[in-house]
């Protein structure tokens with residue numbers, strides 16, 4: 001079942017790439033059809049999933065037995081919730097109308113390819129398979145940004161590729177050291193988590209943790225490794241940005257939880273404080289720099305730095321081994337919900353930004369204004385997504401941030417207090433977007449601005465409905481995640 | 001004498017002589033037949049080599065090691081040579097000495113195979129000399145083209161020096177230890193300064209073949225100036241036995257000494273220098289040449305940890321095989337595009353020649369080590385071996401170098417994909433196309449069966 005949800009988009013991608021030229025609409029229809037299958041499969045997996053009972057639906061096939069590498073897949077609450085969100089967001093991004101789209105066939109082929117490797121990354125239970133998908137994600141993203149982006153797309157794509165490759169190679173070294181320190185050479189994640197082989201080995205453990213934190217920090221992106229993110233976002237087409245922010249950034253925080261926290265808990269606990277400090281800097285830095293942007297997409301891009309900062313703060317608190325277990329579980333719950341919520345919300349925001357670009361080829365906020373009367377549906381969707389992003393109660397972002405800060409106050413009260421300032425700034429910057437773009441006078445050049453189409457509003461409604469659902473009734477998601485079972489054994 | 005032990009080498013030798021005779025007697029337009037004959041000979045040799053894969057003994061009075069490492073090297077050398085032979089008919093069709101190319105390729109292959117199995121310094125020298133001398137001829141095969149002649153000349157001058165030093169080295173080692181056989185040298189304490197100098201000189205000869213510092217300067221020139229199929233051959237085939245000969249030699253000496261550290265330092269210098277030099281190249285063939293220098297540095301990582309890590313030998317074999325295949329793919333693309341070499345000429349290639357451009361992209365990504373291409377398996381195994389052997393700093397340096405290498409590979413890849421096309425490229429023939437496609441497909445598909453290959457790899461060396 002899990003293998004199928006990786007293989008079907010991959011086969012779809014290869015088929016699209018190999019097929020002769022076809023109209024854009026056909027390619028899109030095929031891509032949507034193929035992308036819907038993994039989502040359906042994962043819903044079936046969810047139906048048969050028992051929360052909190054460890055890794056389930058495990059599939060295993062030997063690959064390089066001499067080295068302890070195998071094709072191992074499985075889900076726990078963390079990976080299942082992330083894959084569900086990713087599959088949904090991919091479906092939304094693929095379905096997002098992009099007319100006119102040059103070379104549509106290969107665009108959709110690359111998208112399906114990226115879907116396949118993203119799902120694979122969250123489902124992998126083998127460190128080498130995990131790494132393979134991690135790197136393949138870079139390749140897919142490189143082509144999507146470089147070929148269909150605008151402005152300095154080529155440069156931005158290269159910067160993205162080189163930055164994250166540097167991080168991923170550090171991770172590879174860390175993975176190898178972890179596997180070598182196992183009693184028997186093995187890349188089985190379950191075995192490594194159970195054995196936590198590097199804990200308490202002094203300098204080696206610290207260096208490996210550092211490799212993981214830097215490697216995943218680049219991907220997340222954590223201050224000061226975030227500089228690749230704004231150009232990549234600004235120059236990428238809307239749906240690609242949505243995936244980059246919604247799915248690919250989660251690979252970083254997922255890795256922090258899975259590899260850094262679960263596989264070397266004691267070392268992580270020793271270093272939780274510095275990580276939390278960096279997270280708070282990310283929160284503030286992302287928010288302040290975002291406030292200074294006049295470019296709509298750049299502003300949203302920097303809020304990603306801010307939001308992922310919350311997530312990392314939650315993870316650091318969860319791994320700190322301080323405070324009560326309940327507080328740490330709460331912070332981890334918050335971190336995972338933030339990952340899901342950020343995927344849905346920022347995914348929607350970037351799709352909206354894509355809609356702006358398709359209509360006016362302009363991200364400068366000052367060139368807009370007064371769109372509320374002209375495009376009420378666009379206004380409504382943006383307002384809802386912005387409020388969710390700034391953490392309004394009743395929406396998904398609030399649930400996440402509440403959990404993170406409740407947990408953080410129990411462990412690092414001062415850091416949590418400083419981090420709260422980030423919330424204020426985020427509120428200011430989103431309200432500022434709404435004011436500048438939708439209210440005030442309508443510039444002459446924008447008089448022909450059209451509202452969202454039926455398809456577009458349908459896709460956004462799907463994403464935002466989930467945001468509301470998580471906001472008013474978070475119980476189902478919290479139960480699915482089962483954060484308490486993800487925490488490393490205290491001690 | 002156990003002549004049968006050397007049947008693959010003899011098959012290559014006999015084929016080479018037959019090809020030479022055939023080329024003398026048939027008209028030049030029929031010289032494609034020589035290619036067919038060469039391929040047949042290589043196939044026979046490969047079949048015998050596979051049959052002997054499980055052997056594990058020293059043969060011919062202890063001068064030739066018939067073990068799994070030799071077997072792996074034989075199969076790789078023969079496969080890559082066969083692909084180079086396939087590249088040649090279209091390229092050399094108008095050359096008056098078309099048929100002799102194949103004889104020269106086969107003799108060079110024979111030298112490479114002799115090096116791969118050498119368990120005696122004298123045997124090693126003979127193999128290396130045979131491989132070198134034929135290589136000079138291949139590099140300068142277009143004798144009317146000054147760049148080709150220059151490449152051959154440079155190759156020859158550096159090679160002559162390195163080979164001469166190596167012979168002196170062998171003499172010194174023999175004089176000081178009383179033995180040139182590896183069985184006799186094994187564990188010998190090389191405390192004597194002269195013997196140590198001798199060993200260093202032998203190493204220099206091998207580093208020359210591998211294209212590593214300090215004898216690497218021929219690589220970019222040969223990559224640029226040699227006929228493209230010959231460049232494909234010269235930058236791949238001799239490196240396989242050179243790497244194996246190096247690891248065999250280094251494995252003779254106990255891991256405690258400074259020898260491993262010396263090799264590690266050479267590895268570090270070679271990979272860094274090769275990458276830095278490749279950054280500035282505006283000529284794709286020179287760029288591939290410099291990249292192949294840096295890859296030689298990676299290969300030396302495995303040599304540095306032999307005896308310290310159980311994965312050193314398998315890592316070296318997987319890496320060097322992956323390297324040879326990827327570099328061959330890159331040169332097959334260059335050959336297929338009739339040797340087009342300027343960086344600007346590659347703009348927009350993906351739309352005009354999707355197959356060639358894709359093959360080149362796959363080759364480069366494999367050289368970077370992007371999973372799940374073969375190159376990733378090679379680098380992964382190298383990192384594993386280096387860390388296990390206690391050279392974590394070298395692995396980290398290799399990581400930094402991998403990131404650096406992406407810059408110059410992207411300088412070729414990005415314009416191919418993103419920029420508008422310059423002009424319609426001319427292509428060679430269906431043979432070069434086939435080689436290109438087969439080699440690129442192998443880069444993608446071999447890792448799928450990696451689980452079958454890995455256990456078959458040798459872990460121990462003779463003697």
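Cβ coordinates are placed from backbone N, Cα and C, and glycine is handled just like the others.
Automated prediction, rather than curation, is the source of TrEMBL annotations.
Since we're looking at a predicted model, the values are computed, not measured.
Listed features, source TrEMBL:
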type     : residues  : note
TRANSMEM : B:33-53   : transmembrane segment
TRANSMEM : B:73-94   : transmembrane segment
DOMAIN   : B:118-405 : domain 'NADH:quinone oxidoreductase/Mrp antiporter transmembrane'
TRANSMEM : B:124-143 : transmembrane segment
TRANSMEM : B:155-176 : transmembrane segment
TRANSMEM : B:188-210 : transmembrane segment
TRANSMEM : B:231-253 : transmembrane segment
TRANSMEM : B:259-280 : transmembrane segment
TRANSMEM : B:287-306 : transmembrane segment
TRANSMEM : B:312-334 : transmembrane segment
TRANSMEM : B:355-374 : transmembrane segment
TRANSMEM : B:380-409 : transmembrane segment
TRANSMEM : B:434-457 : transmembrane segment
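Taking every listed stretch (B:259-280, B:355-374, B:434-457) in turn, the largest tally of C-beta pairs under 8 A with the transmembrane segment (B:380-409) is reached by B:259-280. Note: the stretches the transmembrane segment (B:312-334) and the transmembrane segment (B:33-53) are not in contact (fewer than 3 CB pairs below 8 A, sequence gap of 6 or more).
Long-range neighbours of the transmembrane segment (B:287-306) within the same chain, counting only residues 6 or more positions beyond its ends whose Cβ lies under 8 Å from a Cβ of the stretch, are 210-213, 216, 219-224, 231, 235, 239, 243, 246-247, 250-251, 255, 260-261, 263-264, 266-275, 277-278, 281, 312-313, 315-316, 319-320, 323, 327, 330-331, 334, 343, 367, 379, 382, 385-386, 388-391, 394-395, 398, 401, 405, 408-409, 411-412.
The stretches the transmembrane segment (B:124-143) and the transmembrane segment (B:231-253) are in mutual contact, each linked to the other by at least three Cβ pairs under 8 Å (pairs 6 or more apart in sequence). Taking every recorded stretch in B:33-53, B:73-94, B:155-176, B:434-457 and counting its Cβ pairs under 8 Å to the transmembrane segment (B:231-253), the highest total belongs to B:73-94.
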